[in-house]
Structures are given as C-alpha cells and as structure tokens.
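Visitor: Encoded as structure tokens, here's the structure I'll be asking about.
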Amino acid sequence: MVAEGILMNKIPFTKMNGAGNDFIVFDNRDGILDNLDLKAFVKKICDRRFSLGADGVLVLENSKIADFSMRYFNSDGSEAEMCGNGARCIARFAYLKGVAKEKMIFETKAGLYEAEVVEDRVRVKFPDVDLSKIQLDQSYKFSEELEKYHFATVGVPHTVFYVDDFSNLTHEKIVELGRKVRYCTEIFPKGANVNFVKVIDENTIAVRTYERGVEDETYACGTGAVSCAIVSTLLGKVKPPVVVKVLGGTLKVHFKIEGQKTTEIFLEGDARVVAEGYILPDGWSW
Ligand SMILES: N[C@@H](CCC[C@H](N)C(=O)O)C(=O)O
C-alpha cells in the first residue's frame, strides 16, 4: 500500500551530462510539472545527498515558434536565461525523444538557438554577440589575487580572469575566489559566473568555472567556454576555433569576429544520457 502511494506521483526524468556538467531533464509538454513549485522542486532534486543530484535542471516545453522551448534552472532553484551545456543536452534529449530531427531550433530566455546532433556529440549555434557587450581590461580589487578582469554576456554574465597555472588553484581556492567576484554586487548586481583561464597554445585554453546558482565549481560551463574563447581571441591570446579544456572533458568553440559582432558562434562537445527513471515524492517532498 505504502509503495503504491509513493509510486502514484512519480515523475519521469532523464539524467544527462555534457563534459561533466550534469542535468536532470524533464519533458513537460504535457504539463506534468505544472502544479509544482519549480524553484523548491529543483533545489530538492539537485541535492546530491538526499536526492538525485545535478548542477541544474532542464525542462523541455512546447513552443509556437520553434521545435521546442528550453527552461534552465540552476541547482539553487534560480532560473537562468541560458545554459550552453544544458542546450547541448536538451538538443540530444529532444532528438532521442522524437521531438526534433538531427537539426533543430529551440527557444530559450536568451533567444533562439540552433543545434545539430551527431551521435553523442552536439553542436549548438549561439546568436551573434555584440562586441559592445564585452568589456576588456577592467579593474576592481576583488581580493589580493584578483584585480584585472574581463566581462562578457553570452546568454548569461561571465567574468574572465587569466592565471599562469592551476597548480595553486585548488577546488577550495576556486570557490573562495569565485564567491568574492560572484557576490560583488557593486559591480555585478545580478551576480556573475567566474572563469579562470590558462592559455595553452594559440588554439587552446584551459578553463575552470565557478558557477552562479550552483555556487560551486562545476566540471564544465558551456557559456563560460564561449565567453573565454571570444575574450581570449579579442585579447590576441588565441585564434578560433578554440579548444577549451575543462575538468570534465573538452569543448570546442567556433566563431568569427566581423566588425562589431561575433558571428557564427558554435559550441561543440559530448552530451550523454546516463540514466532514465522516475523521481518519487520521497526524492523531493521532505
Ligand atoms: N552551466 C551553464 C551555465 C548555467 C547558468 C549559470 N550558472 C548562470 O546562472 O548564469 C553553461 O553550460 O553555460
């Protein structure tokens, strides 16, 4: 009887990751999530101890103007305009569920995105980025170590800091420094994601990212990879296409700089389905 009761409100999910940035994905075309307080629900199910655990949640919904619409929630329940790795994962999910063909177009709060799925790899085309949205060589004393920064909005806000090597940047240090920047509301009233970049060669950078809304370092950040690749190119440190090495793997960013715009921006990498199942009320209703 008890088991039956528990199973009554089960919600189907798919667990995915792109370069280790992991998500719980829901198909909400039939409104299965509509009666839930989504912020609270997301926060609960992203808990890695008491529930399934993830960096964020992707919700696929119907769209009147595209193949589908994507909503993205960080693990703290906050809804963000865009998620690059999430976009790659939801594109593969949509393809596998028959919602879209290999080539698709979908809505996000940051605009329309295109994607192409080739087996377990997904390439997402971003809207052009106006160079006026990119601030190079800014200065603010966030801490003894962090002063010179660059800023780009690529769907969501990203700060970029260059480091000579990562050997002293432990995970704890990334979190400590990341929080100093992320919560500096004087400069970033809505907060910002914080990227630490090491230039490896003229086509390769390594990036570690502290993510707003996860409030931790993640294994990869797609919009962060795009921001760092564009900023590094504008500063003359690399040339596109840029290979971005992250903790969870490798991403590739293609783009062109044309006049005042960055055009033809593509983010490419793996998008894997690791599990499918049901979330039970015990997983979110405590
Ligand atoms: N992991 C993401 C970025 C998600 C949004 C971010 N945490 C924010 O709130 O700005 C990515 O792959 O782009």
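All residue numbers here begin at 1 and follow the chain in the order shown.
Glycine is no exception: its Cβ is also placed from the backbone N, Cα and C atoms.
As annotated by TrEMBL, substrate binding site applies to Asn21, Asn74, Gly84, Asn85, Asn193, Glu211, Arg212, Gly222, Thr223. As annotated by TrEMBL, active site applies to Cys83. The feature active site, proton donor is assigned by TrEMBL to Cys83. Per TrEMBL, active site, proton acceptor is recorded for Cys221.
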Visitor: Would you list the other residues of this chain near substrate - those whose C-beta lies within 8 angstroms of the C-beta centroid of Asn21, Asn74, Gly84, Asn85, Asn193, Glu211, Arg212, Gly222, Thr223 - in sequence order?
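Guide: Not counting the recorded site residues, we get Asp55, Gly56, Ala80, Cys83, Gly86, Val156, Thr209, Val214, Thr218, Ala220, Cys221, Gly224.
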Visitor: Within 10 Å of each Cβ, count the other Cβ atoms and name the one among the binding-site residues Asn193, Thr223 with the highest count.
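Guide: Within the set of binding-site residues, the most crowded position is Thr223.
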Visitor: Let me check the 10 A CB neighbour count of Arg212 (substrate binding site). How many other CB atoms are there?
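Guide: Around the Cβ of Arg212 (substrate binding site), 24 other Cβ atoms lie within 10 Å.
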Visitor: Under 8 Å Cβ to Cβ from Asn21 (substrate binding site), same chain, six or more residues apart: give me those in sequence order, or none if nothing qualifies.
Guide: Asp55, Gly56, Asn85, Gly86, Thr218, Tyr219, Ala220, Cys221, Gly222, Gly248
Visitor: By CA distance, which of the binding-site residues (Asn193, Arg212, Thr223) lies nearest to Cys83 (active site)?
Guide: Thr223
Visitor: So if I draw a 10 Å sphere around the Cβ of the residue listed as 'active site', how many other Cβ atoms end up inside it?
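Guide: Other Cβ atoms found within 10 Å: 31.
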Visitor: Including all protein chains displayed, how many Cβ atoms other than that of Cys221 (active site, proton acceptor) lie within 10 Å of its Cβ?
Guide: 34
Visitor: Compute all pairwise C-alpha distances among Asn21, Asn74, Gly84, Asn85, Asn193, Glu211, Arg212, Gly222, Thr223, the residues listed as binding substrate, and give the largest one in whole angstrom.
Guide: 15
Visitor: Give the sequence-ordered list of residues that share a chain with Gly84 (substrate binding site), lie 6 or more positions from it, and have CB atoms under 8 Å from its CB.
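Guide: Spatial neighbours, sequence-distant, of Gly84 (substrate binding site): Val124, Phe126, Val154, Gly155, Cys221, Gly222, Thr223, Gly224, Ala225, Val226, Leu267.
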